[in-house]
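Since the structure comes first, as structure tokens, the remarks are kept for the end.
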Amino acid sequence: MASGGPSVASLWTEVNRCGQNGDYTRALKALSKILQESRDDVTALHCKVVCLVQNGSFKEALNVMNTHSKVLGSEVVFEKAYCEYRLNRVESSLKTIESAPEQTDKLKELYGQVLYRMERYSECRSVYTDLIRNSQDEYEEERKTNLAAVVAAMSQWEQAPTEDLGLSEVTYELCYNAACALIGQGQLTEAFSKLQQAEELCRASLAEDSDMTEEDIESELAVIHSQMAYVMQLQGRTEEALQLYNQVIKLKPSDVGLLAVTANNIITINKDQNVFDSKRKVKLTSAEGVEYKLAKKQLQAIDFNKALLAMYTNQADQCRKLSSSLQTQNPGHPLPVLIQAAQLCREKQHARAIELLQHFLDQNPESASAIKLTMAQLYLVQGHVTKACDVLRSIEEYQHKAGMVSALVTMYSHEEDIDGAIDVFKQAIEYYQAEQPGSAAHLALVREAANFKLKHGRKKEAISDLEQLWKQNTKDVFTLAQLISAYSLVDTDKAKAFSKHLPSAETMSFNVDVDELENSHGATYVRKKPAKAVGENLPTEPGQAEVKKKKKKKKGKLPKNYDPKATPDPERWLPMRERSYYRGRKKGKKKEQVGKGTQGATGGPLADLDASKIASSPPTSPRPGSGSSAAPSAAVPPRQQKPSSSGATRKKQAPKKKKGGKGGWS
């Protein structure tokens, strides 16, 4: 300790009392007075660093340690590494820890936190496993929680299989982390049950604290509720998930990482709909400090969704800028280039989109599947079906899948390339014959190939497929019938030989009551009963016979001026424009000038319009076509637009770590 008079001793007493009371600001004033007396007092400098750390003044504490590095030496290695960690200088913190002369338990604890932040999960798990095994103190529960968080992170971000570490799920943090691990393994039902259990444990533990209000409890439960909503989203229960996400947003939790993930998941539900809500939510994903709270894959997915949202809101320049930046940051990832191609397609530049995809494919052949599928779709949009087929057939990992075979056969059939479709069947059947002979997928392909060949008149080629199917199941009468039908047009002797395998008529007959079947509910055709003979069931008394009333046929109306002696026009049923004698309307005829003479005078051509001067004539038959009417023209049907597809990426919630100096959200 520093030497001095009574004043220095009283100052140290003040420092001790303030440290016990947690009044670090007042302790710093006393330490400053001590350092005025003895500038290089190691104990005073160390206490000052601790007080600054407790007050959250990490930069100032780091400046003190760097200024007096020669005096302090290795006394403040932990404090220095901790300040660097809290200032998000994880690489510097790692170097400081590794340079320490002795690895104490608290340095190992911090080492595990740094490794977790750097996503070096395997090393982090080894550190926590060693700590749990070789230490016994009051921090054992925190260490187990952090170990469970590491296992959950490995399951979610590295798809590593989970191991049973024997951690009892007695706290809601342990139960929550176990649920995160189950989500990473795709066990959604079990994960949701674990989250419900974590919620119950959290409510029970927080209810014991009298200082906790209902709002505080709901705020603490926000992370569990957000994760429950994510599980609902993965299960397709989007309406329930959206409602729970919005409840979390309304609580305004202090954790910016939780807000960012929740807002991002709402954006993935909205997709290309409700874009105004998505534009409001996307601001939450850009809050200060988010990059230090989330894993790299979470941040990557958020950036992808920002680019997609810019595309959906018709911000073409912003979309290109974001996607280009993402491609620079993730040079081998296919999603940025797919977003750029989608933006080009929205601008009707399909050729440029194909060139962009081909250029990326040449540089990154490992991402061939997603790129080639997109290129095939673009070729189909342009009407180049054959090119699309060539691209699809070059995807080796999907070449023999049932869906790919079906798509290729459909496209080749559309192009009337039957040989190409049969070749697709042939390659797929050969693959299954070598890898999975006799499997359900193999036999299904053989049957579809046979049906396709029979449909297109390739009976000789279908015979070998049908024989193969029949040998697999000789009791299959349907396949046998197809085989006989095909042989009957190629080789009648073989058709007769195979006909012997058909079951007899007795075995094929069924005991069916035809009358009961016809009278049953839903019968579409009922046999009519024969007519009664003449004289059968005659009435016993005269006058009781039923007389059927015959309906009188109405006479058709004849047109006006109808002349029965005149021959009707044979083209009277055709519209006027379609008749042979139609010459069209006369154009260019000037209108008669009316009212140009003296008042009331009529003459010249206008005299012909006087009805009193026209001799009456008997009615004649109508002119050809005067009594017919043209059929109304059909309206043009409205065209429908194809619905646009969405590519939002879903986001996972980070596993929870114990709060305080031992943990915190990473």
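Any Cβ shown, glycine's included, is placed from N, Cα and C.
Among the features that TrEMBL reports, repeat 'TPR' is placed at 222-255. Summarising the annotation, TrEMBL assigns domain 'Signal recognition particle SRP72 subunit RNA-binding' to 528-584. Positions annotated as region 'Disordered' by TrEMBL: 529-666. The compositional bias 'Basic residues' annotation in TrEMBL covers 548-558, 649-666. Summarising the annotation, TrEMBL assigns compositional bias 'Basic and acidic residues' to 560-581. As annotated by TrEMBL, compositional bias 'Low complexity' applies to 615-639.
Panel annotation: around the repeat 'TPR' (222-255), residues 172, 176, 179-180, 183, 188, 191-192, 195-196, 198-199, 202, 215, 261-263, 265-266, 268-269, 281, 284, 293, 650-653, 656, 665 of the same chain, lying at least six beyond its termini, place a Cβ under 8 Å from a Cβ of the stretch. Across the range of the repeat 'TPR' (222-255), the DSSP-based residue counts are 27 helix, 0 strand, 7 coil. In the predicted model, residues of the repeat 'TPR' (222-255) average a pLDDT of 94.
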